[in-house]
Amino acid sequence: MQVIIFDDAQQVAKSAAEWVAELINKKSNPVLGLATGSTPISLYKELVNKHKTGELSFSNTTSFNLDEYLGIDGTNEQSYRHFMNENLFDHVDIDKSKTFLPTCNQGENPREQGLAYEDRIVQAGGVDLQILGIGANGHIGFNEPTSSLASRTRIKTLTQQTLDDNSRLFAADEFQPTLAMTMGIATILDARYVLLMATGKNKAKAVKDMVTGALSAVCPASSLQLHENAIILLDKEAASELDDQEYYLWADKQNCKINLEFGLYHNY
Ligand code: PGA
């Protein structure tokens with residue numbers, strides 16, 4: 001794991017945007033894994049700015065989102081399709097027919113839909129760079145604690161903690177879905193690079209469990225310890241419970257020196 005600690009959330013977003021831009025500018029048919037939630041909104045703002053200044057074109061990009069609610073459709077303002085349109089897709093030149101979310105509409109077989117999503121990712125060449133947030137309970141995507149580390153795209157029942165954490169986004173009389181389709185942990189681990197963003201004090205415990213806790217389904221994000229290219233971008237607050245923060249800052253300086261001397265090397 002490469003843990004990089006920044007002074008604030010804005011720097012986390014800027015760094016994440018550099019990773020995305022590097023992939024898109026380097027590869028002719030990049031495949032991005034995308035996330036929803038509060039954390040990546042500032043990343044999407046950075047990407048929209050880069051597009052508006054002519055620095056970045058998404059015309060060849062294919063995207064796969066981590067998850068989508070069940071029981072509401074893409075026109076619903078609470079859907080993750082709507083979130084992606086609002087925060088990114090409507091403001092850049094991405095071909096929306098190449099933007100995918102793991103949906104399962106009424107009457108569709110969730111197992112078949114899950115398999116079809118996995119197939120679609122493989123057909124696209126696999127995810128090059130998967131953006132992730134982390135839940136206060138350590139979830140990635142909607143892989144809640146005790147999700148199988150070998151899981152694939154499927155339906156998950158959300159935990160009460162996740163429902164409570166996300167209830168701030170729903171009006172009191174609004175339907176809040178309790179089920180979602182989500183990429184599995186094994187699906188996420190298949191990505192060539194994973195880039196996890198975490199900001200704020202309420203993520204500090206989950207970040208500590210992810211980076212230095214036991215590899216365990218109790219903290220699904222700890223599965224990233226198994227990934228060859230897991231980059232963890234943190235602000236100071238999210239990093240605040242990590243032992244040895246000095247070490248991560250020092251190691252990052254060494255990496256920057258190596259990159260300066262030999263150039264960036266990302267094996268997409
Ligand atoms: P948040 O959610 O960015 O809204 O905190 C992250 C997550 O649940 O993965």
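Placement of Cβ uses the backbone N, Cα and C atoms for every residue, glycine included.
The domain 'Glucosamine/galactosamine-6-phosphate isomerase' feature in TrEMBL is assigned to 9-228.
Annotated active site, proton acceptor per TrEMBL: Asp67 (among others), in sequence order. Secondary structure at Asp67 (active site, proton acceptor), taken from DSSP and collapsed to helix, strand or coil, is strand. Around Asp67 (active site, proton acceptor), the same-chain residues six or more apart in sequence whose CB sits under 8 Å from its CB are Thr36, Tyr80, Leu101, Pro102, Gly141, Phe142, Ala180, Met181, Thr182, Met183, listed in sequence order.
What TrEMBL records for Asn137 (among others) is active site, for ring-opening step. According to DSSP, Asn137 (active site, for ring-opening step) is assigned to coil rather than to any helix or strand.
Annotation comment: TrEMBL describes His139 (among others) as active site, proton acceptor. For His139 (active site, proton acceptor), the number of other Cβ atoms no farther than 10 Å from its own Cβ, over all displayed protein chains, is 27.
The Cβ neighbour count for Glu144 (active site, for ring-opening step), using a 10 Å radius over every protein chain in view, is 21. Reduced to three states, the DSSP call for Glu144 (active site, for ring-opening step) is coil. Here TrEMBL flags Glu144 (among others) as active site, for ring-opening step.
The feature site 'Part of the allosteric site' is assigned by TrEMBL to Ser147 (among others). Around Ser147 (site 'Part of the allosteric site'), taking its Cβ as the centre, 21 other Cβ atoms fall within 10 Å, counting all chains.
Under the DSSP three-state reduction, Arg154 (site 'Part of the allosteric site') is assigned to strand. In sequence order, Pro110, Arg111, Gly114, Met181, Thr182, Gly184 constitute the residues six or more apart from Arg154 (site 'Part of the allosteric site') in its chain with CB-CB distances below 8 Å. As annotated by TrEMBL, site 'Part of the allosteric site' applies to Arg154 (among others).
Within the same chain, the residues at least 6 positions away from Lys156 (site 'Part of the allosteric site') whose Cβ sits under 8 Å from its Cβ are Phe142, Asn143, Glu144, Ser147, Leu179, Ala180, Met181, Thr182, listed in sequence order. Look at TrEMBL and you will find Lys156 (among others) tagged as site 'Part of the allosteric site'.
The site 'Part of the allosteric site' annotation in TrEMBL covers Thr157 (among others).
Between the alpha carbons (Cα) of His139 (active site, proton acceptor) and Thr157 (site 'Part of the allosteric site') lies a span of roughly 12 Å. You'll find the Cα of Thr157 (site 'Part of the allosteric site') roughly 14 Å from the Cα of Asn137 (active site, for ring-opening step). Packing around Asn137 (active site, for ring-opening step) is summarised by its Cβ count: 19 other Cβ atoms lie within 10 angstroms of its Cβ, all protein chains included.
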